[in-house]
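Q: Among the features that TrEMBL reports, transmembrane segment is placed at B:30-52, B:59-79, B:85-103, B:112-129, B:159-179, B:209-230, B:250-272, B:284-309.
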Amino acid sequence: MKMLATAELSPDMTSQARRVGPPILKVEHLSREFGGVLAIGDLSFTIAAGDIHSIIGPNGAGKTTLFNLVTGVYKPSGGRVLFDGADVSGMAPYRLAARGMSRTFQNLQIFFNMTALENVMVGRHLHLNTRLLPALFRFPSLVRKDREARDRAVQLMTEVGLEKYVDADAASMPYGALKRLEIARALASEPKLLLLDEPAAGLNATESREIDEVIKTVAATGVTIVLVEHDMKMVMGISHRITALNQGRMLAEGTPQEVAANPDVIAAYLGAAP
Amino acid sequence: MNALLHGRLTGLLALGAVIAVLPAFLPNNFYLDIAILAGFNAVVCVGLNLLIGYAGQISLGHAGFFGIGAYASGVLVGSYGWPPVLALLAGAVFVGLLAFLVAKPILRLKGHYLAMATLGIGIIVSIVLRTESGLTGGPDGMMVEPFKIFGVELYGEKVWYWVVGVLLVGVVWLSLNLIDSPMGRALRAVHGSEVAAEVVGVDTARFKVLVFVLSAVFASVAGSLFAHYAGLITPAKADFFKSIELVTMVVFGGMASTFGAVVGAVVLTLLPQALTIFQDYQQIVLGGILMATMVFMPKGLLPTLAALFPARRRA
């Protein structure tokens, strides 16, 4: 299969010199069923700090369910999720955010009732004074920190290439820009672990490459990235490790070359060889 | 930032100016009375708009909180001799606690279910006020003593007009401050997408409860002062129809617009007065106007008008 060709792997990914960081996320025997149907079954894997770790698999493999389990949107039926060494299974998303985990969504979850900048500023929530009385009476300290948050949000929007949308209403922005807006908003919370659910879905080739650059830049700042993506060129190009799922179970795990060469993975994508 | 601050101050100054010059155009106490009623409604609507317009939750029971505030003042001052200020505060604290207790379970509900649950609360309050006649005077209502503070008695439309005017400017100021703060953005984020708000650290349940309590307390304070002003309160002020009227004012004026809520309250308080020339057909005409508004300007009066002008406005 051409799309998995080794030639498309970037050189720094193929070198063995890269040091593997300590585990930041551990999934142990995780399972989740919906009315008797197993979406995720006995899944265990580890994600090392500093990695770009991709989760791949055919449609219905359980990738988004896995994201929802890890980020607390769903509660697991069994097994554990360990984040930074602590058991966080079924913990509410806002608590996980406070511990340094954030995410984007496959189907956009934008605050369409706000401006683009305000969307990103909501991402600063954990770093601001969110109590009632200082807000009602506009304490000077709150106003000052709010101004800093605004500057930071503008900076983040510039980093993901949205500088021309700073004053735009989110509802007036094109799809590709909204994808980046979600990334900027998640980054505003200063996560240690960022989960990106199909950031390139629905984008054209140019836009995909730009998202690619954004992800690499973010990873270079030390943020661990978990990526669900169907764009194999992107996955093979930027991932340090890949976990392949099929029907809610682990199919293969390893470096991009190992996974690309795995016969089970090829069979799952193209159908079993005769 | 500067423009925003500018916008907020301009709006407040405009509101203050209108309130300041309005009495010069009102020929007698009858008109002043309508202005005062509009002011009370506006105070409740500004609070309710925080809940409905900004946080995206619904309440069909806010007249109940207004009623509890009104009766707390009536009963505590009239039957127990409390100072009016203390009675007002006690009513507000009680309403705050009640709203807090009911908010936790009911704000887990969404859409129609939340509407039904808040409707239920309003109806329970209204039934209690009607049936506990030993305390509340039953369906006939009760007389309320005038508001006294530091030995000064607030009496007459002229005095109350200024009291309500200052209260409204204060409430609008608080509301504008809140919306342009981290908590205000969190509230709007809850409206926009709860799950997206959660993953950047917003405890959505907490903020929904907070805004519900806050808007209930606004209603209670307005209710207490209204009771002293009117001198007579009846359970009708706390019933289902009053709650619907309040929601209609918010939606009509423009959701997620503080000045819209004020305009909605004022217009819908005046409209029935202006429509008395239609006599028996007044309700039909009123209903027709509301339907036409919702069809032709679904965003509400003020945002629709603001969109007609090229300059960006934040109300």
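Each Cβ is built from the backbone N, Cα and C atoms, and glycine gets one as well.
Looking at the shown structure, can you explain where the listed features end up?
A: Among residues of the same chain six or more beyond the transmembrane segment (B:30-52), those with a C-beta under 8 A of the stretch's C-beta atoms are 22-23, 58-59, 62, 66, 157-158, 160-161, 164-165, 167-168, 171-172, 175, 178-179, 187, 211-212, 214-219, 221-222, 225-226, 229, 246-247, 249-251, 253, 255-258, 260-262, 264-266, 268-270, 273.
Among residues of the same chain six or more beyond the transmembrane segment (B:112-129), those with a C-beta under 8 A of the stretch's C-beta atoms are 57-65, 67-68, 71, 102, 106, 136, 235, 238-240, 243.
Within its own chain, the transmembrane segment (B:284-309) is flanked in space by residues 248, 251-257, 259-260, 263-264, 267, 271-272, 275, 278, 315, which lie at least six positions past its ends and keep a Cβ under 8 Å from the stretch.
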Q: Restricting to CB pairs under 8 Å, which listed stretch, B:59-79, B:85-103, B:159-179, B:209-230, is in contact most with the transmembrane segment (B:250-272)?
A: B:159-179
Q: Cβ pairs under 8 Å with the transmembrane segment (B:59-79): which stretch of B:85-103, B:159-179, B:209-230 has the most?
A: B:209-230
Q: Give the nonlocal contacts of the transmembrane segment (B:209-230) in its own chain as ranges (CB under 8 Å, at least six residues past its ends).
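A: Sequence-remote neighbours of the transmembrane segment (B:209-230) are 36, 40, 43-44, 46-48, 50-51, 54-55, 57, 59, 62-63, 65-74, 77, 84, 87-88, 91-92, 94-96, 98-100, 103-104, 107, 144-147, 154, 160, 163-164, 167, 171, 183, 187, 237.
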Q: With Cβ-Cβ distances below 8 Å as the criterion, list the same-chain residues six or more beyond the ends of the transmembrane segment (B:85-103) that contact it, or say none.
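A: For the transmembrane segment (B:85-103), the list is 65, 68-73, 76-77, 117, 121, 149, 208-209, 212-213, 216-217, 219-221, 223-225.
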